[in-house]
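*Asks:* This structure is in structure tokens; I'll ask about it shortly.
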């Protein structure tokens, strides 16, 4: 599984510590993060253009905005640790940057879970040329 995530990073440029973020998504949604979210809508994976297609796509938009607030933390590559307490994700605090990156990923994974009922398979592999217009501001 770890090798699959490393390959995914190289191929599609998924942001963040892909291993931890992918694990969070899997735990929260019971969906394969690579196949279910990497190409979803206009804001998941590569992209960030146009209006989010639905609530799940908005989760990705907000996640990108969260990372944009942490440019000095290298959120695309900085690994972190987290654990669970009573089923809830708890971010470790080894450094402020790692904690903030983890909190961005935690919020996105929870957002995906909260919007599972409106997950739309037609956006699962959405062609990015359909994403038109300027993206709203964070």
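Numbers here mean position along the shown chain, with the first residue as 1.
Cβ from N, Cα, C; glycine included.
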*Asks:* Could you check which of 108-120, 121-133 is flagged in Swiss-Prot as region 'Important for membrane-damaging activities in eukaryotes and bacteria'?
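*Replies:* So the range that Swiss-Prot calls region 'Important for membrane-damaging activities in eukaryotes and bacteria' is 121-133.
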*Asks:* If you count CB neighbours within 10 Å, which one among the disulfide-bonded residues 59, 111, 138 has the smallest count?
*Replies:* 138
*Asks:* In sequence order, what residues of the same chain, 6+ apart, have a Cβ less than 8 Å from the Cβ of residue 91 (disulfide bond)?
*Replies:* 80, 82, 98, 99, 102, 103, 106
*Asks:* Would you mind sorting out which of 59, 65, 97, 104, 131, 138 (the disulfide-bonded residues) have a C-alpha within 10 A of the one on residue 44 (disulfide bond)?
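*Replies:* Of everything listed, what lies within 10 Å of residue 44 (disulfide bond) (Cα to Cα) is 59.
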